[in-house]
Amino acid sequence: MCPLTLHVTGLMNVSEPNSSFAFVNEFILQGFSCEWTIQIFLFSLFTTIYALTITGNGAIAFVLWCDRRLHTPMYMFLGNFSFLEIWYVSSTVPKMLVNFLSEKKNISFAGCFLQFYFFFSLGTSECLLLTVMAFDQYLAICRPLLYPNIMTGHLYAKLVILCWVCGFLWFLIPIVLISQKPFCGPNIIDHVVCDPGPLFALDCVSAPRIQLFCYTLSSLVIFGNFLFIIGSYTLVLKAVLGMPSSTGRHKAFSTCGSHLAVVSLCYSPLMVMYVSPGLGHSTGMQKIETLFYAMVTPLFNPLIYSLQNKEIKAALRKVLGSSNII
């Protein structure tokens, strides 16, 4: 293992009458402290995962945009979700990859909070979009006759815009408040990304109210959306079990099963990480949990949807021009 070195660089001196303060103007993202050969291995592994994630989600978004037969609300929601995943994984992974090859592993003060903002905003938009997709499934299966009149193109556009706008506004105030707190050193963030837990630990002045505000918002967005999704699929399951046709039941189970698998992948690590102030979590476990929902989940989402959905597989074959590829 690499020895932990206390970095004292990145401090900005601010002089006042009778006093002198040093404030942080950059942070050190410590990441994984390990030998250089292991750093190279992790860089290669995460680069491959990142490339596969971009390719998989990009392929789904592209084929759903190209195939007009799939221009329905259900598939358009999925296309937006894949597009969102590309930006979500790109908010943290490129900097993470650069740090694997860097000795200093620094990130500017503004860069850290921008990463924090986009990572949380895109994650919130993802949670909201999964909730909207559950609502769409509920309408399609439980209210099939009313579905075309309710889920119109106009409503679809409104819901997608609402997910993006609310996602980018949800954590804006707490992130601004945290950024205004004094950080006077040390400036080491013992994490792979700029995360509120390690940032609160570096704050010179304790801010329990801001902490409570931040974790309350996290709990609301995670549990609120999760409970809505579970409630929707409870009603969907009840409706599916009452279907007289076995073919209809199989198709409904296939579609809903894919969505529930993605929901489980997204929400399980989030619930562990952000519904409490992080008590009882070792820094190593926090890093692994973050990597799981920041990299592994976006990687498997396109696989789950494409392998379970015949329409998407057919569209992929059509666009790629070869049935042997998939």
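Quick reminder: no glycine exception, Cβ is built from N, Cα and C everywhere.
Disulfide connectivity taken from Swiss-Prot links C112 to one of C34, C194, C204, C214, namely C194. Membrane sidedness, as given by the topological domains in Swiss-Prot, differs between N106 and F253.
Checking N18, N80 against Swiss-Prot for the annotation N-linked glycosylation site singles out N18.
Here the transmembrane segment (113-133) lies next to the transmembrane segment (217-237) in space: the count of CB pairs under 8 Å, restricted to residues six or more apart, reaches at least 3.
Beyond the ends of the topological domain 'Cytoplasmic' (66-72), by six or more residues, the same chain brings 311-312, 315, 318-319 to within a C-beta distance below 8 angstroms of the stretch.
Through the fold, the transmembrane segment (288-308) approaches residues 46, 49-50, 52-53, 56-57, 59-60, 78, 81-82, 85-86, 88-89, 92-93, 119, 123, 191-193, 195, 254-255, 257-258, 261-262, 265-266, 269-270, 272-273, 281, 316, 326 of its own chain, all at least 6 residues removed from its boundaries and within a Cβ separation under 8 Å. Taken through DSSP, the topological domain 'Cytoplasmic' (134-158) splits into 19 helix, 0 strand, 6 coil. Secondary structure from DSSP puts N106 (N-linked glycosylation site) in a beta strand.
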